[in-house]
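These notes are about the structure you will find just below.
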Amino acid sequence: MSMFCFQCQETAKGTGCTIKGVCGKTADVANLQDLLLYVMKGIAINSLQARELGIVRQDVDKFVMEGLFATITNANFDNARFVALVREGLALRDSLKADIVKAGGVLPANLHDSATWTADSAEEFEQKAAQVGILATENEDVRSLRELLIYGLKGMAAYAEHAFALGYEDNSIFAFMMKGLAATTDDSLSADQLVALVLEAGKYGVDVMALLDKANTTSYGNPEITKVNIGVRNNPAILISGHDLRDLEDLLKQTEGTGVDVYTHGEMLPAHYYPAFKKYAHFVGNYGNAWWKQDKEFDSFNGAILLTTNCLVPPKDSYKDRLFTTSVVGYEGVKHIPAREAGKVKDFSAVIELAKTLPAPTEIETGEIVGGFAHNQVFAVADKVVEAVKSGAVKRFFVMAGCDGRMKSRDYYTEFAKALPQDTIILTAGCAKYKYNKLALGDIGGIPRVLDAGQCNDSYSLAVIALKLKEVFGLDDVNQLPISYNIAWYEQKAVIVLLALLYLGVKNIHLGPTLPGFLSPNVAKVLVENFGIAGITTVEDDVNLFMGA
């Protein structure tokens, strides 16, 4: 069986995975993801018509949000889960059509196939999936723009899901997801119209990150400067990875007083910066590094492991039986924690009971790392920052947000951080931080040279900080600030962050370690000519370029 996927930075040969995903997903899972997307496009077409009639169904919006999230890189590898999602999607789509008719609407005679096709067996799903994948769009520029839009929607959906878990939603974001998905079925749209939609996705990218920022800070307080322990204690423990702060809250409540410690991994590290989580004495610290090192770090952790969102790597047998997934995450043979019931906490008792029987983590490092520099914290020391710029103590800021990954070429970011002049400050968010957040880079007048705002969605904080600095310095354009953007990308959340920055007018962003394989030469040219998007070269040449040497 063949497949085609080029949504992540590590895609085979930089052009696409065709036999098995570099991420580990099989061809049948990749194809079922394509089919689920196809069904959701049909749902979106019907949803747009329903909305015109005043019909807004939260169950439909939630399904599309979670369905998009489930197809993100390293989220779900479970064939059976996707078969079930396709069936659920078809049923929802048809019930939505019934609502339209009941409300007096007339279904168009020429509905796109995605809004009418139906089947029930896994065999029929397999046959259809082979016909509706990425390569079904023959024009490479149209294909490139459609996929760029879809990947932006996937990132948007991930952030919307985190906000939704905390009780925050925005109907306009859901409506745009539907508009965007439906647009990818419309062969009448020109390249210019698709480019406009991609940029509109950036607008909603800003909105969804602002919504999630509000959800997180209202629920847990504003992140504050925090020292995070990276050593271990001698108690049984649970390692929580992913991004879902509501899951962390539920887990901390349920483990309190049990003798089980809780550690974060990967993108969950910034949870330590939120005031609400500091009251838990058993919330010990952060264990390990970025997602791609989990094959070794999950092994040495010894305890139970909970994956709340991506990034999951196909697990080794040595820890598979102590791994749990929840939410959109899934892997065949790995225990899954069901969704929380309305008004209740998610039941993590199975994770906790297993953890009690397991040995304490093996120590892999000691010390502390510092973070918590989201917009509110930076504004609290804004006078200090502004004075440092005016005095010349700080010559330039470098936004190095984004993702980490397996490729050896990503060592560039470690060396780049080391090579930056001492009068520069790195602003970061996302797991890209692990390339340099444990280096001794010092400080400038008490301001650490690495300011970590948080998770990848906290790139929003970096944008807010830039806009505030523009205002403070009385500039007309954010690009007049002494800020350079050298961003590492890996998956689709980085795509929506990029589109959000473009919407905010940020230009001359450098993207690496490679440019996306889903950008056709012509689409890449549009981004280069209109926004100054560029790749990376060597550390020395890039530092000189950014510093104007």
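In case you wondered, yes, glycine gets a Cβ from its N, Cα and C as well.
Secondary structure at C5 ([4Fe-4S] cluster binding site), as computed by DSSP, is strand. The annotation [4Fe-4S] cluster binding site is assigned in Swiss-Prot to C5, C8, C17, C23.
According to DSSP, C431 (hybrid [4Fe-2O-2S] cluster binding site) is assigned to a helical segment. If you look up Swiss-Prot, you'll see H243, E267, C311, C403, C431, C456, E491, K493 marked as hybrid [4Fe-2O-2S] cluster binding site, on the strength of sequence analysis.
Taking Cβ-Cβ distances under 8 Å and a sequence separation of 6 or more, the neighbours of C403 (hybrid [4Fe-2O-2S] cluster binding site) in its chain are Q9, G430, C431, A432, C456, A488, W489, Y490, E491, K493, A494. Residues or ranges marked as cysteine persulfide in Swiss-Prot: C403.
Fewest Cβ neighbours within 10 Å among the binding-site residues E267, E491: that distinction goes to E491. Annotation for the binding-site residues H243, K493: lowest Cβ count within 10 Å of the residue's own Cβ, H243. The hybrid [4Fe-2O-2S] cluster site is set by H243, E267, C311, C403, C431, C456, E491, K493; from the centre of their CB atoms, other residues of the chain with a CB within 8 Å are G266, W291, N310, G430, Q455, Y490, A494. Cβ neighbours of C311 (hybrid [4Fe-2O-2S] cluster binding site) (same chain, under 8 Å, six or more residues apart in sequence): T73, N74, A75, S241, G242, G266, E267, W291, W292, Q294, E491. Around the Cβ of C5 ([4Fe-4S] cluster binding site), the same chain contributes T11, G16, C17, G21, K25, A30, Q33, I134, each under 8 angstroms and 6 or more positions distant in sequence. You'll find the Cα of C8 ([4Fe-4S] cluster binding site) roughly 19 Å from the Cα of H243 (hybrid [4Fe-2O-2S] cluster binding site).
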